Amino acid sequence: RLISQSAFTSLLLIQTEPLQQDGFAPQLCCVCVCVYSPVYNACLLSLQVKPSDATLTQQVPEILFPWRSVVVRGDGTLRRVKRDWVIPPINVPENSRGQFPEDLVRIRSDRDKNRMLRYSVTGPGADQPPNGIFIINPISGQLSVTKPLDREHISNFHLRAHAVDLNGNQVENPIDIVINVIDQNDNRPEFTHTIFNGSVPEGSKPGSFVMTVTAVDKDDPKTANGMLRYKILSQNPQSPSSNMFTINNKTGDIITVAAGLDREVFTQYTLIIQATDMEGNPTYGLSNTATTVIRITDVNDNPPEFTTDTFFGEVHENRVNVIVANLTVTDKDQPHTPAWSAVYRIIDGDSTGRFSIPTDPTTNEGLLTVVKVGCHCHLDFELTRSFMLTVEAVNEVPLARGIHLPRQSTATVSVRILDINESPEFSPNPKPIKLEEGLPAGSLLTTFTAQDPDRFMRQTMYDPANWLEIDPVNGRISTIAILDRESPYVKNNLYNVTFMASDNGIPPASGTGTLQMYLLDINDNAPHVFPPEVEMCEKPDPNAVNITASDPDLTPNAGPFAFELANRPSDVRRNWTLSRVNGQCGIMCLSLSVFGIYEVPIMITDSGNLPMSNTSYLKVKVCQCDHHGDCVDMARIIAAGLGTGAIIAILICIIILLGELPTHTHTHTHTLLSHLRQAKQLLIDPEDDVRDNILKYDEEGGGEEDQVHIRYRFKTIQYYCSLYTLKCQSDAWGLWVTDSLLQFD
């Protein structure tokens, strides 16, 4: 009667929440029938209908499209409007074993009384992938599922229900239908690893964290189906306690619960861990297991201990970088770790640092080794025949707290020094002495002896000039000849004598030493004219040659020199004149022009303390010359014995003369050119392939230096380079000489 009244427009059938017990599919317990009044916005009539009451409703619940509400206008008339309605989700258990298709709910519109309607559903699971899971009867609106659902694959579906007339016109707004897949406990827990590996230091206190194990369950974690609990099933080895570890049943954290972990006793423990869902219910929960390997890591709780209290070794004297003894220790800690590796040190008996003890990284042995300290600090049998060392062994890292070094970490090493036949030694070596040349024979110079600490020895020497002798007993050195600084055996004023000392050991040993004698120059050499031969033109005038002096002594025992013609024979001063140009050179002129060869005696005196004089003969060859100043009879002059040294002397004296006399006249130029042409003929071998000598004479500008460039070819000019401090350079053709007054290139 109430339903038939116009104030009540819709009948809504609502399926109540299904009940689920013990993992079985829920069963429909009742259907609530509500008569809704839009005026009062309340359900005026509610009925609970059992499924067996077929007289009131069907087995399958209905979902009615949103009904039309009645609204009173201002003039008192009624108007129907649509009203949205939120449909509660439909819960469907996964893994259903019923017959398919299985009816879920009926969808209908209140307009199906007046016309024929067609129903459909859209969305994933219906007309979208995965297609065909849900279907609807287009006439009755019966929504069904076609196969079992899997919550772990898809946990819910969102569908839309549509109602259209036979012409396809929409008669109702689509409604959203949410289908939740109800979870069942159909998945066991799975550990993330089959074997878990962890570690904990030995000696760890109870409560020390070790590691965490993790398992996952595909079932709904918000339900008991996905709630896991952990437990330890077994421990191996079960020592020193069967319960050395415990596990947090919710987080999977493993910690120690007992003391006594010792790596030297057990290096690892193996635990079997079980994970169970249903919050660990052993009756209904599903379980799985995994293996956990806990490695006990090493700490330095075992100091190194020597295998014996005393070690012995021996080594020959004077040896370095040799192993004297191998020191062995034992250490129970893990090999090849800082807690196992030993470090050795000498704490007594080696004040001078002659020994060191490196560690063999493979065997952990200490290698007692002789090392070199300084230049003369070595093992000497004659000084020390044995050493008694005290050594200590520690690890690379400190010992764990509470562990102390035992007595066995210290040992004694007895080292015996063996004697060898040592070589005699000279000291100092080399030994320098300084003395003047010219010492007479029999002069005592010095004493130079070798020392041999353990053998008889005798000494000999190598004296290239045979100037010295040595007393084989006391090593005194004396002269047997006059020392001469100008000897070819003296280089840069140094004369070296090598001494050898040998003993009578088996095998014999010997040593050498050097005596360096620095000879001071004295004026023991008189100067002589250089070069000994010159030539000059008979005509034209003036006829002159330049001469210089040679003295093997050093300054101040050499130049400057004084030049003078000898008094005899009497015609010397009548035919020749000699003038001093400077301290190194003089000019000699011919007074009587007669062709021939002359030997002119010239007396030269040096500047030494107690000067020395010497009369030497200058061979002068006077020849006939052409208008250029060149000798016309070169073969006859050369056959007469005129040497190339005379030509070079002429050139150098001309250069020195030009540096002091006026040179800006044509006369001097002609004289210079004449002498250069004569020199050219004597200096150049016709068979040699040489370049032209370069002659340049500059007469420009008052006060400017004249430059004459002459190219030489003979080694004789090297003497002048050292005698007059000239700057010399050489090439493949000869020498280039540059003087401080005139420049030769």
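Cβ atoms are placed via backbone N, Cα and C, with glycine included.
Positions annotated as domain 'Cadherin' by TrEMBL: 84-191, 192-306, 324-426, 427-529, 528-632. Positions annotated as transmembrane segment by TrEMBL: 637-658.
Regional average pLDDT for the domain 'Cadherin' (84-191) in the model is 91. Per DSSP, the domain 'Cadherin' (84-191) is made up of 4 helix, 47 strand, 57 coil. For the domain 'Cadherin' (528-632), the number of residues in each DSSP class (helix H, G, I; strand E, B; coil) is 5 helix, 53 strand, 47 coil. With helix defined as DSSP H, G or I and strand as E or B, the domain 'Cadherin' (324-426) counts 3 helix, 44 strand, 56 coil.
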